[in-house]
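**Q** Sharing a structure, written as structure tokens. Questions coming.
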Amino acid sequence: SVGFKAGVKDYKLTYYTPAYQTKDTDILAAFRVSPQPGVPPEEAGAAVAAESSTGTWTTVWTDGLTSLDRYKGRCYYIEPVAGEENQYIAYVAYPLDLFEEGSVTNMFTSIVGNVFGFKALRALRLEDLRIPTAYVKTFQGPPHGIQVERDKLNKYGRPLLGCTIKPKLGLSAKNYGRAVYECLRGGLDFTKDDENVNSQPFMRWRDRFVFCAEALYKAQAETGEIKGHYLNATAGTCEEMNKRAVFARELGVPIIMHDYLTGGFTANTSLAHYCRDNGLLLHIHRAMHAVIDRQKNHGIHFRVLAKALRMSGGDHIHSGTVVGKLEGEREITLGFVDLLRDDYIEKDRDRGIYFTQDWVSLPGVLPVASGGIHVWHMPALTEIFGDDSVLQFGGGTLGHPWGNAPGGVANRVALEACVQARNEGRDLAREGNEIIREASK
């Protein structure tokens, strides 16, 4: 007779293990599970653990050729979500051997690759991941990190200022370069290609790179400060992306840019390695993130995408504003901002942090506040984000009634006034408007 019984069996018999003690080397995941009516939460949690690790819908004889106990994911704890009906947080532990070293792509393919279409679930959201230090050490991470960036730019003790060039599509390369020059000349540290500026018929990438580099050097010579423009190297193929990065390096510019979700983690990690080897800073835009993270009960929370970016590599990443035109709750946003910047972050459920995360020596990433912010937000932004951040004003610079350079001046003056007021112990939340008014005289 055959040594196993064929047929369908409940996942929870194998994959729900409440007695399991998690290991320091396990990757831990917190899933928000919404089971279909009639499906018990233990079965739903176990199904997630199974389908994202070793399981399939039936017993197979080849299970006997390996040690499931060594390789299976385990749902080790389930708790109901307060205030929600039929929603649970299922905690799953994955043995480290299930994942390829240094590959965010493989990590996501395993953990979220297949399980989200699962029939037994009405919806599923990955809320957080604990990346064990043993796995963290297989990643290069950000090309340079916060301290090295400050040293390269020679800018300390304040947030950095950026601006996205608008209109984002339709300008010729020459006019685009002119706008870059005006903003940098006015006092900004950086200007930025919009995420969808790649290489279109009205402005090919090489022309844009050349005119922006010229603008950069002219502004640098006139202000005596180091300036940067995020040259978007995102392209249709990895080879083309690399070609653009190489050309940027030849021009001697300090920073380039990539859309990491649309470009993909594999391309992004390659680019991050190139940037470290060649002394380029890497600005990351999160285009497409809301497709994945906006639904409260389905998808992947942005804090997971932020952690993945820190592993894959980037020196800046857009992280919401708390005060502008795009969604983002203050405590939750500050939670993942700390996950980007700090070496060690304690578990804190009020800030959405489900696990203590130790990044060991992985460099930090500067959060970028961008989207519908303007000079009157400056006190709040300075207070919320602190010094290690990039504040980006697109329309908030180029929309200045006197033009781009005065827009840049206004932002720089407002920022320096806020930083000085904070250093003198003034209350930015209460006196913010007054501080800006005084500075603008």
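Yeah, the Cβs are placed from backbone N, Cα and C, and that goes for glycine too.
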**Q** Do you know which of R204, R206, R286 Swiss-Prot groups with N114, T164, K168, H318, S370 in the substrate site?
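**A** As annotated by Swiss-Prot, N114, T164, K168, H318, S370 share the substrate site with R286, chosen from R204, R206, R286.
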**Q** Of these binding-site residues, K192, R286, which scores lowest on Cβ atoms within 10 Å?
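**A** R286, out of the binding-site residues K192, R286, has the fewest neighbouring Cβ atoms within 10 Å.
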**Q** Let me know the most crowded of the binding-site residues, choosing from D194, E195 and counting other Cβ atoms within 10 Å.
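**A** Result for the most crowded candidate: E195.
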**Q** If you draw a 10 Å sphere on the Cβ of K168 (substrate binding site), how many other Cβ atoms land inside?
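**A** For K168 (substrate binding site), the 10 Å Cβ neighbour count is 15.
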**Q** Provide the number of Cβ atoms within 10 Å of the Cβ of N114 (substrate binding site), excluding the reference atom itself.
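**A** N114 (substrate binding site) is surrounded by 11 other Cβ atoms within 10 Å.
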**Q** So for H318 (substrate binding site), how many other CB atoms are inside 10 Å of its CB?
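**A** A 10 Å sphere around the Cβ of H318 (substrate binding site) contains 22 other Cβ atoms.
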**Q** Express the distance between the Cα positions of E195 (Mg(2+) binding site) and R286 (substrate binding site) as a whole number of Å.
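**A** Counting only the Cα atoms, the answer is 9 Å.
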**Q** Of N114, K168, R286, H318, S370, which binding-site residues come within 10 Å of D194 (Mg(2+) binding site), going by C-alpha to C-alpha distance?
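**A** Passing the 10 Å Cα cut: K168.
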